[in-house]
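Visitor: Here it is, the structure in full.
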Amino acid sequence: MAGLMESTATVTGGQDEAATEIKSSSSSLEGSTDCSAKMEAPKMLAGGAKEAVEAATGPAEADEEQEEALQDRYQEKEDSRDDNGPEAQEAPDEAPAGSSEVKMSKGKVALIMLALCTIVTTALPTIAREFNTSQADYAWVGSAYLLGAASSTPSWGKVSDIFGRKPVLLAANVVFLIGSLLCGVSINIKMLVASRVVQGIGSGGLLTLVNICVSDLFSMRTRSMYFGIIGMVWAISGIIGPVIGGLMTQYTTWRWCFYINLPIDGVAFLIIFFFLELHTPTTPLLAGLRAIDWLGSLAVVGGTVMFLIGLEYGGESYPWSSPTVICLIVFGIVTWGIFILIQWKVSRYPVMPLWLFTQRSTLAAYGTVLIHGAIYTSGSFFLPLYFQAVLGETPLKSGILLFPNVIAVSIVSAVTGIFIRKTGLCLPPIWFGTTVLVLGTGLYINLPSHRSLVKVILYQLVAGMGIGPNFQAPIIALQSHIRPSDIATATASIAFCRNLASSISVVIGGVIIQNRLQSNILEIQHLLSPKTLNALQGVSAGASVHIIQALPPNEKQPVLDAYTKSLSTMWIFYTALAAIGFIVSLLLQKKKLNKEHEVTKTGLDAQERARKERLQMEKEAKSSRNKAV
């Protein structure tokens, strides 16, 4: 329901605020695209097979096979631990690892899934405005949410590994509720922006932990269906959210766009508290806090905050060439480099282990998600801009015009989950999605400067069919190539990648439109009055919406044509990016998805055991490589 706040602002704000509202609504959709990431154990090679592999495939592929061999050996040790009797079992607080899913009645599963889906719905970003403030300050209402969600996402997964899924999910829920309450009672714009950061931090945990919990509850094949359901619920909420938000603002107050989260998410909190049964270790608080990768968390949060603030400032508050923007972006990237060093050399329990990025298939899964997130966000951001700037629609009507896309996404997402469960194949949906996405994004290039509902609907349906499969299928593909003990960190890292791609995508698309628009305006300057030309020069593409709609007919059509050409140039870029995404997805390797399920163990004992076994296997692999040489 929280997505409804975006229309709240759009309805109450005038057309002079349209650009900011579209940006905020884009951020809302970005925040939700964070749901992602799972896994299963792969097949591997024993140590001495390295020479044969290298002879047949070359050093690079041999290294990849060696990595898979490490994981296979790890899985064999896990299996043998479960089969060797009482001596090999965990301490009493550990959950029994078995080959079947957590046993629950269908009613209980439905109740828990309802709560998890409710969390996804309420965690969508919200927009509201009441305060007399500058457009730049108001834009931060949406950006602050994304900043909190993106920067905090990597840490939630590892914290849940240490303290258990359920306590951390409930804690994230509380943070989100507190943030929503503070947003609702905000007395000025600064308080609202700060409260949105808190809300975003909670949302980052919720959206990540929902996927982690589903992975812990169900086998690889079964969880795909529930991922599809979550994706469908999220997409449907994207339909009704803006409409309800507009009605709520019209008949009550924008504050209810935040207050509404309290009862809805509160009920979900109670359901999870009483009914969700997952392994919860008895981790001592102080020991658990000491085990958290504070240095890594600080580095990734700091780097992300600086980088995203730099993107936010660029072209808006400051020129792209200003020292402020350059320093923020450069220092953000440098801090990420420091984060990588910390994960490699310092962290005992890293929030984003580097071994997640050592195989071709895992890298391909991350790459597919990055590009998918960038292109999906471009549609959710720039299609409303097209509807308002070119077609002259109101912000609320723009939300309604997105229905074809969202309907296609929701249906295909659900069907993808069912397909994977029935067949155990996750690569065909990924390849289908990336192929159709190239076609759908390419169709957007042909969007005209006049109203054509047939094209608007048809193009969105095609693009939505390409977007739908790859919300969750790449997560399944990723999980099939990593260890069960890495499930939470993989989920969090893939959500982080999606958030980051969304943020960068909006900036790149905006820069392309802005540059082309200014160039196109100069080409038709002889058709415009000095007043119109002066008004359009130097104004951002979004901020020019109300200017265009107020132009006289003899000037309006040439400007609309120039605007449409600028959007077409941008869609050419995204079509090329979609084609790259298709190529990247072809690098994914097939893994059979298992119907069997092992309950993931959490807690310090499980983390320490996994760390030691990893070190031992790496030592054996290094010894094997030395012998091969």
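We count from 1, first residue shown onward.
Backbone N, Cα and C define each Cβ position, glycine as well.
Note that TrEMBL annotation is computational and uncurated.
Annotation source TrEMBL lists region 'Disordered' at 1-102, 598-629. Here TrEMBL flags 70-84, 598-623 as compositional bias 'Basic and acidic residues'. Per TrEMBL, the feature compositional bias 'Low complexity' maps to 86-97. Sequence annotations record features per position, and here TrEMBL assigns transmembrane segment to 139-156, 168-187, 193-214, 226-248, 260-279, 291-311, 323-342, 363-387, 427-445, 457-478, 490-513, 571-588 (among others).
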Visitor: Within the compositional bias 'Basic and acidic residues' (598-623), count helix residues (DSSP H, G, I), strand residues (E, B) and coil residues, in that order.
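Guide: The counts are 20 helix, 0 strand, 6 coil.
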Visitor: With a Cβ cut-off under 8 Å, give me the same-chain residues at least six positions beyond the ends of the transmembrane segment (363-387) that come close to it.
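Guide: Residues 19, 22-23, 25-26, 29-30, 33, 36, 357, 393, 395, 397-399, 401-402, 405, 430, 433-434, 437, 441, 444, 447, 460, 463, 467, 470-471, 474-475, 477-478, 481, 493-494, 497-502, 504-506, 509, 513, 541-542, 545, 564, 567, 570, 574, 577-578, 580-581, 584-588.
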Visitor: Taking the transmembrane segment (168-187) as reference, which of 139-156, 260-279, 457-478, 571-588 has the most Cβ pairs under 8 angstroms?
Guide: 260-279
Visitor: The transmembrane segment (457-478): which same-chain residues, six or more beyond its ends, come within Cβ distance under 8 Å?
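Guide: Contacts of the transmembrane segment (457-478) (Cβ under 8 Å, skipping residues fewer than 6 from its ends): 33, 35-39, 211, 220, 223-224, 227-228, 230-231, 361-362, 364-366, 368-369, 372, 375-376, 379, 383, 402, 404-413, 415-417, 420, 426-427, 429-430, 432-441, 443-444, 446-447, 490-491, 494, 578, 585, 588, 591, 593.
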